[in-house]
Structure formats: C-alpha cells, structure tokens
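Participant: One structure coming up, written as structure tokens, with questions to follow.
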Amino acid sequence: MKHLPAQDEQVFNAIKNERERQQTKIELIASENFVSEAVMEAQGSVLTNKYAEGYPGKRYYGGCEHVDVVEDIARDRAKEIFGAEHVNVQPHSGAQANMAVYFTILEQGDTVLGMNLSHGGHLTHGSPVNFSGVQYNFVEYGVDKETQYIDYDDVREKALAHKPKLIVAGASAYPRTIDFKKFREIADEVGAYFMVDMAHIAGLVAAGLHPNPVPYADFVTTTTHKTLRGPRGGMILCREEFGKKIDKSIFPGIQGGPLMHVIAAKAVSFGEVLQDDFKTYAQNVISNAKRLAEALTKEGIQLVSGGTDNHLILVDLRSLGLTGKVAEHVLDEIGITSNKNAIPYDPEKPFVTSGIRLGTAAVTSRGFDGDALEEVGAIIALALKNHEDEGKLEEARQRVAALTDKFPLYKELDY
C-alpha cells in the first residue's frame, strides 16, 4: 500500500493487523475463504467511483459503457459455470438475493417451507428474528434425530399438510449432499415454487462435485464468496421466465446502485472458476474436509451425521463436556479460528451452543494438504481435551505456528 499509511495510519494499522491475523492463524470458519490478488485488485479499482443504477444497456446514468462490459462478463461467466438461463449479479449479499426471490413470488403471510436454523438452515430461511420469519409464515423441516440427515419424508408430510407457496432448500451448517431432485418432486406434488440457497456449496457445484440445483429449482441464490472464492456478495440464477421480475425485485425493488467494483471482482473470480485448476481446488476442499473429519473421529470426537460430503464439519462437543462458546474461545487462543454453532436438537442457547462448525475452503486456498488437515485435527483434539492445561495449549500453539509458517499467505502483499 502506497497512500493509506501516510493518510490514515489508524485504518492502515487495523488492516495490517488483520493481514497478520490471517497469516498467523488457521482459518476454519466454513463461510470464509481467501480471494486471489487479482480479485482484490478488481475490487479496489476505479470502478468504485461509478454509479450505475439499472442494467447493462438500460442505465439511469450516463458514462456506463465500460461498467456495462464488466457486468455482462460477470453474467455470461455465471451462466456458463452453472448452466443458468438468467443471472443477476447485483445482490450485495446472499440475504438480499433471498429477499429478492421472496419479494418476487410471495405476499406477506404466505406459507413457506424451510430448514430449521438449528438443524443447519439459515436466518433467511424463516428464523423469527429475521425479516423472513416476520413477513412470511415459515414451517420448518429438519434432520432425522438418529441419522442427522435431512428427513425427506418429514419434508413431504409437512408440504402436504401446509401446502406452501415456496419450498426452500439449502443450508449454512449441513455437511451432507442435498437431494434437489427429491425436493423438486415434493414441490411439484403440492404445486409450490422451489428455491435453493447454495451459498455454501456453490464452488463445489461449479466444479461438478455436488449436484447442480439449477436444472431442478425455479430460483437458485448464492453468495459469491465461501467455496466460490470470490468477493463478498450475492447472485441469483433463475429460469428466463422469472428473469424480468427478479431484476425488478433487485432494482428498483430492494437496492439502488450496484457495487460495480464488487461486480468486477465477481467477474474475475468467475473467470478463475472456469479454469481447470479450480476443479482440483474443489476436490482438495472436500478431501481435506474428509481428512479432518477422520482425524477428529480418530480422537473420539463426535461429528454431526458422522462425517461430511462437502467442505464443512459440525462437531458435537457434548461428550467433551464443552459448549461451542468455550470451544471457540479455546481454539482462538491457540490460533485456530472457528465459530460456535448449534447442532440438531441442541439443548443450549444460540449464543452458547453445543457445537462448533469447521470448514476447509480457506485453508485449502492457502495450500494445506491432507496431511496438514490431519495435523489440524490432532491439534484441535489436544486443545479441547486439555483446555485447562497451559502446557498442552502452548504445545498446540507451537504446532499451529509450524503450519502457518509452512503455508504462507499472500506472499506478494507489501504490508
């Protein structure tokens, strides 16, 4: 950085400290990733100066000829990646992408079927503290108490009983493959629209390593970060028949001007997804998650559903006598970043929880391999089993430091 250190030392120091934190800690938050330098350059470009209300060729401002090119590139690449008929890359977040779909097809008070938050769903899938649970009548489905897999019989029974206008699939903490075909069949049986929120698994879908929801769903929403490894933002994919309504729901419905610098970064990251090495990356994300799951299981640590099919693992801490709140703090103290997370049928409060969520997208971007993830699993077990033993915790810190030194992050950044 050339100008910021001299102009605003306080902000620069905060950025520099965050850069140091990312380098010296192991990032296992499942919703986080490390974007490329090219993505960061696009997001920090002069496009941040341009207002561009509307869509390419139909703007409310002049001087949009170059940002039109950028947005068209982003849309075309997303269509190619996922095989979608229509794409909107303007949502500022996944939550706003979901809101736009709801505003497109629902009226206040309409019934919607969505996944219970504590079973792995998302706030925008009907949580009573979120706009979705306030505006609409959400009925919850969940996972089987024994297998901890989605109970499709329960989904069907609730769909038949409540006749929802929309069924929502997708999750923020579900480690297993979702059967989109089964959901489509249930939606058709009750005459419901079908939406998939693939925010967590979009990169795996893009690589062909998880079933693609686009052929089955009326609407697919996603974030553009997480496993897709782009900038923080959202996107909607849908059938052409819904395209104009979706676009109107985003603008002028719930947003004003799009963030063109972020859309440029989305376009760059989509270009990266189309490269052959992205599939290798996504394969490594999954294999690393499986190695981490195996390492934790070997240490006697329980996992929700017994393992993972994707990038994330949900750890059940009850056998260790720990809460998620305590475990998150213990791991942070040794240099591993995670988040407390509810588990299915969790007896603890949402700010305490009985679990932690772990993900491998970020560490895989950093270069961690299967052996490294096996070591990470051993370190986690050492710390959690000995969370009051300062000697053991110091050993864990040293082992974390050895890994972060071995896999440096952003070697070319000058701060």
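Each residue, glycine too, has its Cβ placed from N, Cα and C.
So Swiss-Prot lists the following for this protein:
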- Leu117, Gly121, His122, Leu123, Glu241: (6S)-5,6,7,8-tetrahydrofolate binding site (BINDING)
- His225: site 'Plays an important role in substrate specificity' (SITE)
- Lys226: N6-(pyridoxal phosphate)lysine (MOD_RES)
Participant: Measuring Cα to Cα, tell me the gap between His225 (site 'Plays an important role in substrate specificity') and Glu241 ((6S)-5,6,7,8-tetrahydrofolate binding site) in whole angstrom.
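Facilitator: Cα to Cα, His225 (site 'Plays an important role in substrate specificity') and Glu241 ((6S)-5,6,7,8-tetrahydrofolate binding site) are separated by 27 Å.
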Participant: If you measure every Cα to Cα pair among Leu117, Gly121, His122, Leu123, Glu241, the residues listed for (6S)-5,6,7,8-tetrahydrofolate, what is the largest value in Å?
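Facilitator: The two farthest binding residues have Cα atoms 31 Å apart.
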Participant: Taking every protein chain shown into account, which of the recorded positions Leu117, Gly121, Lys226 has the largest tally of Cβ atoms within 10 Å of its Cβ?
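Facilitator: Of Leu117, Gly121, Lys226, the one with the most crowded Cβ is Lys226.
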Participant: For His122 ((6S)-5,6,7,8-tetrahydrofolate binding site), what residues in its own chain, 6 or more apart in sequence, show a Cβ-Cβ distance under 8 Å?
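Facilitator: Looking at Cβ-Cβ distances below 8 Å from His122 ((6S)-5,6,7,8-tetrahydrofolate binding site), excluding near sequence neighbours, one finds Asn98, Met115, Gly170, Ala171, Ser172, Asp197, Ala199.
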Participant: Near the Cβ of Leu123 ((6S)-5,6,7,8-tetrahydrofolate binding site), how many other Cβ atoms are there if near means within 10 Å?
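Facilitator: Cβ-Cβ neighbours of Leu123 ((6S)-5,6,7,8-tetrahydrofolate binding site) within 10 Å number 16.
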Participant: Using CB atoms and a 10 A radius, I'd like the single residue among the recorded positions His225, Glu241 with the highest neighbour count.
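Facilitator: Compared across His225, Glu241, the most Cβ atoms within 10 Å surround His225.
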Participant: At the level of the C-alpha atoms, what whole-angstrom distance separates Leu123 ((6S)-5,6,7,8-tetrahydrofolate binding site) and Lys226 (N6-(pyridoxal phosphate)lysine)?
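Facilitator: Leu123 ((6S)-5,6,7,8-tetrahydrofolate binding site) and Lys226 (N6-(pyridoxal phosphate)lysine) have their Cα atoms 17 Å apart.
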Participant: Taking only the Cα atoms, work out how far Glu241 ((6S)-5,6,7,8-tetrahydrofolate binding site) lies from Lys226 (N6-(pyridoxal phosphate)lysine), in Å, as a whole number.
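Facilitator: Cα-Cα, rounded: 29 Å.
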Participant: Leu117 ((6S)-5,6,7,8-tetrahydrofolate binding site) to the residue listed as 'N6-(pyridoxal phosphate)lysine': how many Å between their Cα atoms?
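Facilitator: Rounded to the nearest whole number, the Cα-Cα distance is 19 Å.
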Participant: Roughly how many Å lie between the Cα atoms of Gly121 ((6S)-5,6,7,8-tetrahydrofolate binding site) and Lys226 (N6-(pyridoxal phosphate)lysine), rounded to a whole value?
Facilitator: 16
